[in-house]
Amino acid sequence: MSIVVKNNIHWVGQRDWEVRDFHGTEYKTLRGSSYNSYLIREEKNVLIDTVDHKFSREFVQNLRNEIDLADIDYIVINHAEEDHAGALTELMAQIPDTPIYCTANAIDSINGHHHHPEWNFNVVKTGDTLDIGNGKQLIFVETPMLHWPDSMMTYLTGDAVLFSNDAFGQHYCDEHLFNDEVDQTELFEQCQRYYANILTPFSRLVTPKITEILGFNLPVDMIATSHGVVWRDNPTQIVELYLKWAADYQEDRITIFYDTMSNNTRMMADAIAQGIAETDPRVAVKIFNVARSDKNEILTNVFRSKGVLVGTSTMNNVMMPKIAGLVEEMTGLRFRNKRASAFGSHGWSGGAVDRLSTRLQDAGFEMSLSLKAKWRPDQDALKLCREHGREIARQWALAPLPQSTVNTVVKEETSATTTADLGPRMQCSVCQWIYDPAKGEPMQDVAPGTPWSEVPDNFLCPECSLGKDVFEELASEAK
């Protein structure tokens, strides 16, 4: 089924509701994706891109229902990756002599994937045009490393449509094609996720390339992407967002992520977050356990943040493998204008936190002091964690802190009145983990200030996973 994009332009792509992994398993496409291909029917008929290789047969059959394949005059390949040009082999088997217009780098990539050097390739460069009749032309603009060396965009005069390739896209599947037809919150979340996880390394190229395209002084009524929606309602809004995201983007936000073996590093993360919130209540703080969280959501939050705190237990003298992998990804994403601090617990040897600090510095983060704890943090260690959080809040503040937080000395022990109001702390009789009503248990949506009597019956001990019935009033507080 085709969809009219504008006048003689039809979408002939493929929706993929079920795909959950992209680029191997590195990008989680939680809302599916689409592979957008466009058929332009003027005096000359032009196909712009194909679809993912796994849909090759369906694509060619659907295309045959729209047009006699022999009537396709030109094929434009904006990008040679398999989710864009994957159906070329199936298509070219039917129309082997059809001219393919692409960049010089794309020829190498296409041959590397499809192994057909005999195809009728035609190299185009920025500013080259192709007349398709009825007073309309295609204008080509090379966009190397956004995000492959072969990438380019194609502009259709007359209709003022920019076929933008991966730029301005999102892995987002919906029955509706246009941006004004879909859920706006979902759409912009997926746009930012896409930019943060795929295009961030090339941010330094985004602004100059957009400036170059704007320099052609061509009107843009629509932006037709390779994935997700077509921008027809105020298409410049996504361009403006890209310019914003490319400019060393940050919000007043701190991301904390960690991995842990015995919940010791997790206790540190919670205490650090409390210290930050006490000192700067305006900052948004998000905490993630990497073993239980969507990696791409973590990286999107890092992209949005002014700083990141990374925690790891020590395992065989080095950091936990999932932390090491995520830090390696952050190195490749080349985040800018962000600060970092490492923390973690260890037993007899240690070593992971120092190694982590070095890796974060190598990744381009401006480093703050790290923090270590031996074995399970006791009350004194947790006090240090909260103070570390306060210091981080002060060092990383984007604006002067509220005067009340500057002048107030935060007390570590809750006042007698407050303690009495919240009731006693409770200790797991199996593993000795302590529930403190003043802190709550954020990982189970138990807010700070929740007395034990109001903790849900399905609550589980974070360490041993046993229920409320194994908890007893802490001996030191028993009356």
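The backbone N, Cα and C atoms fix where each Cβ goes, and this holds for glycine too.
Keep in mind the model is a prediction, meaning the values are calculated, not measured.
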Site co-member for Fe cation 1 according to Swiss-Prot, given His79, Glu81, Asp166, out of His147, His176: His147
Annotated companion of Asp83, Asp166 at the Fe cation 2 site, Swiss-Prot, chosen from His115, His116, His227: His227
Rounded to the nearest Å - Cα separation of Ala352 (FMN binding site) and His79 (Fe cation 1 binding site): 41
Output field, Fe cation 2 shell: CB within 8 Å of site CB centroid, site Asp83, Asp166, His227 dropped: Ser33, Tyr35, Asn36, His79, Glu81, His84, Asn165, Gly169, His171, Thr225, Ser226
Closest of Ala342, Asp362, Met367 to Glu81 (Fe cation 1 binding site), Cα positions, binding-site residues only: Asp362
Rounded inter-Cα distance in Å - Ser357 (FMN binding site), His147 (Fe cation 1 binding site): 29
Surrounding CB atoms that lie within 10 Å of the CB of Cys428 (Fe cation 3 binding site), all protein chains: 19
Per DSSP, three-state class assigned to Met367 (FMN binding site): strand
